[in-house]
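Data block below; observations after.
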Amino acid sequence: MAKPLERFSNILLQWAKIHNLTAIKDSKELYHQIVDSLLPISFLKPFHTCIDIGSGAGFPALILACYYTDSKFYLLEPRKKRVSFLENAIISMGLSHVKVIADYSYNIKDIKGDLITSRAVCRSDTLVRDSRHLLESSGHYLLYKGTNTANEKDLLDDMQTQVFTNTNRAYIYASFV
């Protein structure tokens, strides 16, 4: 896992100098974002296919893909500059089990996942509404949110939810089961 993460770090910091991909400008902040992406592995149930919505600069999906090498990952990202970055990062990291789809979740019809992840894309209820057709019946959402999740959790009132917190982050793990 170390080599792919090292390659990811190098390519992200290179691209960040030229393109407006992320606010991350140094390796210390990058380290914190990588750790933040990996913290949920302590409570995640096994999954076969992950769909990451609004993949942006690759958090959390590319980081999780380094750990879950036997799972398939689909990264949904509509913005061309970010799609180019993600495709370059995937090649550089050697992640043959990861594919980028340049589109919005509500337009996708031909894939399903048992885990859907998202970080800082939109309100939880909007995300679920626009992506529920992509979730397997026994699947889960893993939503990376800020620390004030009371309103976000309430938006998912028809779902079974668990909230795990860290200093600067709350992780909402939700399902319809």
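Each Cβ is built from the backbone N, Cα and C atoms, and glycine gets one as well.
Automatic, uncurated: that is what TrEMBL annotation is.
The candidate list R119, R123 contains one residue that TrEMBL assigns to the S-adenosyl-L-methionine site with G54, F59, S105, Y106, namely R119.
Sorting the binding-site residues F59, Y106 by the number of other Cβ atoms within 10 Å puts F59 first. Neighbour density for G54 (S-adenosyl-L-methionine binding site): within 10 A of its CB lie 20 other CB atoms from the protein chains shown. Neighbour count (other Cβ atoms within 10 Å of the Cβ, all protein chains): 22 for R119 (S-adenosyl-L-methionine binding site).
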